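Listed in Swiss-Prot for this protein:
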BINDING   G8, R9, A10, G11, T12, G13, K14, S15  ATP binding site
BINDING   C784, C1112, C1115, C1121  [4Fe-4S] cluster binding site
DOMAIN    1-275  domain 'UvrD-like helicase ATP-binding'
DOMAIN    269-583  domain 'UvrD-like helicase C-terminal'
Amino acid sequence: MTLHAYLGRAGTGKSTKMLTEIKQKMKADPLGDPIILIAPTQSTFQLEQAFVNDPELNGSLRTEVLHFERLSHRIFQEVGSYSEQKLSKAATEMMIYNIVQEQQKYLKLYQSQAKYYGFSEKLTEQIQDFKKYAVTPEHLESFIADKNMQTRTKNKLEDIALIYREFEQRIQNEFITGEDALQYFIDCMPKSEWLKRADIYIDGFHNFSTIEYLIIKGLIKYAKSVTIILTTDGNHDQFSLFRKPSEVLRHIEEISNELNISIERQYFNQLYRFNNQDLKHLEQEFDALQINRVACQGHINILESATMREEINEIARRIIVDIRDKQLRYQDIAILYRDESYAYLFDSILPLYNIPYNIDTKRSMTHHPVMEMIRSLIEVIQSNWQINPMLRLLKTDVLTTSYLKSAYLVDLLENFVLERGIYGKRWLDDELFNVEHFSKMGRKAHKLTEDERNTFEQVVKLKKDVIDKILHFEKQMSQAATVKDFATAFYESMEYFELPNQLMTERDELDLNGNHEKAEEIDQIWNGLIQILDDLVLVFGDEPMSMERFLEVFDIGLEQLEFVMIPQTLDQVSIGTMDLAKVDNKQHVYLVGMNDGTMPQPVTASSLITDEEKKYFEQQANVELSPTSDILQMDEAFVCYVAMTRAKGNVTFSYSLMGSSGDDKEISPFLNQIQSLFNQLEITNIPQYHEVNPLSLMQHAKQTKITLFEALRAWLDDEIVADSWLDAYQVIRDSDHLSQGLDYLMSALTFDNETVKLGETLSKDLYGKEINASVSRFEGYQQCPFKHYASHGLKLNERTKYELQNFDLGDIFHSVLKYISERINGDFKQLDLKKIRQLTNEALEEILPKVQFNLLNSSAYYRYLSRRIGAIVETTLSALKYQGTYSKFMPKHFETSFRRKPRTNDELIAQTLTTTQGIPINIRGQIDRIDTYTKNDTSFVNIIDYKSSEGSATLDLTKVYYGMQMQMMTYMDIVLQNKQRLGLTDIVKPGGLLYFHVHEPRIKFKSWADIDEDKLEQDLIKKFKLSGLVNADQTVIDALDIRLEPKFTSDIVPVGLNKDGSLSKRGSQVADEATIYKFIQHNKENFIETASNIMDGHTEVAPLKYKQKLPCAFCSYQSVCHVDGMIDSKRYRTVDETINPIEAIQNININDEFGGEQ
């Protein structure tokens, strides 16, 4: 047995010497003693290719490239393997999770964390870490017993030891872990005659675990020879660049001393890898204490980009240049990264440039539709059919592929179930999914067309099919008692879903279309699913388990599944992480994401045991554990060194100034260090570079068109653009091959976010030959013409959800107050507390079940909200009683509707107006309350409007003047026109236009001592004071509040008197009768103007800004109009807010008879 060590810095020919040595032995004796090359898992494929592709060898029966685990299997084939079943990573995790749940009550520190999936994962990692470093439960238990330590640390180690011990007992004589298998491999080494004849080479490693050192020790002891290759200069200084591999060398020296074998060291000092002085100087001087600066010859570049996306786009362009102009092949190029955010960018950007690549990393299967379907199916059962997992299940499209346009059907179903609040076993109620119910989707019911009916029938059929499958799954699972039963039931359910056939069909189609990677994913998904089921049966077998626990454990297993993709072609760019990727002797290596915080990367302890606890354990127990954070931090420079010395021709470093979440980023200090080694190594700012060299952006036809679009956009905005872009446009335009898609891009150049004025015919087609509308529709137009166009022209509707909206609350209050008012004939004065509560309960029992499909009885929260609504109504009735006590006006009519042609005698007639185009305007609506007071054959009327929002319970006369608030004047106009239908006298005059705010008032107190219950009740009632505008006629003033006297301000209406008996300006909101009539007539003119603009086809995105507020804040159509408050201020309309509206209206010359009796 001999031991060799090839030592040297990167690129000095160590691996080449090894490969040459192996090659010579193979040529000399192709069937001689075995030669074993041990390498990291991610390097084995590359090394195998090197032997296969060597024209002098064309493969070999003598040499094998193996990692430690595969080597153990090779020995087991010879001497016999263990009898126990080997646990996969997923099986180990599932077993530990189940143990944690069973032992939860015995845990001291982690009892509350035990229920979380992530805890068992951390615990599994910790146990595997202990196994790698040969730490047993006995080690932990004896250490805890012998040492005094902090209570938290002791409790932590006791918890871990408890689970570790239980795990070891469960697997004893029945199962074996990967780490235990390696220990068994060590025990088998002396029996292997094959190993005794073998020459062993170990290359590509920079550190080993304790169990791996024990394997190396066995190889040295029993193999014919062992040669280990290490990237180190032999310096054992713990602060040396080569600390990590030198630590390996120190361990090997200890092993050799223990075995009494000398190490034959061979030092490699001559640099062979690098083709130029730049890379040689970079390697030699990176860790130099005294810098020797030389001129850079252009083989090293540092790129600075604004964003990560721009960074990868630039790398892609430079790869195209490498291939096209420098005659490289894709396989000559590698990209190394460290920030995981780049993996997504590679997948999204490199295909746009048609660059073949392979990312050497495992991807989780979690987000694949099949896995999402299975996990959603599990959650549906666990959550008792809650809506979110159900919708996720449906949207995977795995169970609905047989339906044409299944995604559209699922969208319709989602709209319906969100509106109806379908959850739990309501999914099974066929009556809820009657096709006729779909006609009520949204706010207005309509008769279904034949196409709509057919579509909704398909929706119902799709729902039934999926429900049948879920019910079958639930039934099968509910009948199971043991883990084996559950696994069998699950597999049979998948067969009932026809999932195997479906997946195999999909795989074959993908293969036929050349999408082999996606086809491979399908295979791995199915095989992974079967493996988890097999693991469950293997680990738990006939062990009884609840369905809930089984589904939890099963989900844990699914979490562990990962795609392991082999390269789809040989000629492709290799992409990997700087820490793990094994790329050697590439012509060009790109190191992306070279930012501070990534390289070097702050290393923080993520295991259950902290760094301090590790150090204490190592010192006191005399064992070695995985490196602590501070040790790993010291090795960051070595990681950078290894990554940048993989190239033999060129190295390009790149970094961005902004992270994936928009955060600022700094350049890596290693780049500053590298830059200091050269005289002419400047950082290239990518945007500035392209500005000077626009042709550098024109590397790929498709991407050049996109960049051309940006350049032409700048040119149209009168910015200076290089002539080469105009030349590029002409070349692309004149080429049949290149011009594809150019017309679409050019049309986008002239796109402006402006609407088009509708023609007369189209306006009539959209809005009809007469306008039948509520007041709020006209107010909406005044807020923004586009809002009106979107809602009433395009008829866009928001998705209705099963939740209480603000307008629902308003409707409830209106309905309840109408119900009670009619029961008492508007005589609120007669109410006492008992009567108020009785009537409130009656009204709520009658009305609440009709709201949103009985929404207010659907949950504890909504039932609580119902009680809150009841309390508000009771307080409101108390306020109405108080107001009625001191007012001569009597409520007479409630929720009175009006329209052009009344349907009943109780409805009022609305006068028809006409637009400038001759289009009739028919206004409809409903007046909450009409109060009347008659004196001397003259009737005065008050309009009372209930508002549940404080912001809308104010009459702003400026808004009235400009047509932004049209409701109250319209209502008063309608009442004045309908004196006969209302049973009023010949002379009818306006009294007040008043808002009543239905709310839950609050009063602030400085201390409890300030509270007087009687006064508190009075103060709360006063919070309901009416607001609006009152006729200044003395008769009206006297009737509104009988308590009015000099120096008194009413607490029920907006009227107050000075000490001389005149109306106070501060406490009164009044106008004379003529002014009110002028407001009414001006309001009509606003109707006509607004309706005329609508029929003229105005659809501008032009919100009206008033008092620094925009209607956009509460608009549902911003995603359609794309108005931006930061850049679209020129679109805003404004009005003169400084006017005195009463003076302004008085100055208008209006000739009108103020309507007439209809």
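Using the three backbone atoms N, Cα and C, a Cβ is placed for every residue, glycine included.
Distribution of Swiss-Prot features across the structure.
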{"residue": "G8", "record": "ATP binding site", "contacts (Cβ under 8 Å, 6+ apart)": "K14, T231, T232, D233, Y267, F268, N269"}
{"residue": "R9", "record": "ATP binding site", "contacts (Cβ under 8 Å, 6+ apart)": "T231, T232, D233, F242, F268, N269, L271, E283, Q284"}
{"residue": "A10", "record": "ATP binding site", "contacts (Cβ under 8 Å, 6+ apart)": "T231, R273, E283, Y641, V642, T645"}
{"residue": "G11", "record": "ATP binding site", "contacts (Cβ under 8 Å, 6+ apart)": "L271, Y272, R273, F274, L279, E283, T645, K648"}
{"residue": "G13", "record": "ATP binding site", "contacts (Cβ under 8 Å, 6+ apart)": "F268, Q270, Y272, R273"}
{"residue": "S15", "record": "ATP binding site", "contacts (Cβ under 8 Å, 6+ apart)": "D203, I229, D584"}
{"residue": "C784", "record": "[4Fe-4S] cluster binding site", "contacts (Cβ under 8 Å, 6+ apart)": "V1101, A1102, P1103, L1104, P1111, C1112, C1115"}
{"residue": "C1121", "record": "[4Fe-4S] cluster binding site", "contacts (Cβ under 8 Å, 6+ apart)": "N753, F786, A790, V1101"}
Under a three-state reduction of DSSP output, how is G8 (ATP binding site) classified: helix, strand, or coil? strand
Other residues, Cβ within 8 Å of G8, R9, A10, G11, T12, G13, K14, S15 Cβ centroid (ATP site): T231, F268, L271, Y272, R273
Measure the Cβ-based neighbour count of K14 (ATP binding site), defined as the other Cβ atoms within 10 Å of its Cβ. 23
Students should find that the Cβ of C1115 ([4Fe-4S] cluster binding site) has, within 10 Å, a number of other Cβ atoms equal to 20
C1115 ([4Fe-4S] cluster binding site) in three-state DSSP notation: coil
In three-state terms from DSSP, label K14 (ATP binding site) for me. helix
What mean pLDDT score does the domain 'UvrD-like helicase C-terminal' (269-583) have in the model? 90
Counting across all protein chains shown, how many other Cβ atoms sit within 10 Å of the Cβ of C1112 ([4Fe-4S] cluster binding site)? 20
Cβ within 8 Å of the mean position of the Cβ atoms of C784, C1112, C1115, C1121: remaining residues of the chain near [4Fe-4S] cluster: Q783, F786, K787, V1101, P1103, L1110, P1111, Y1117, Q1118, V1123
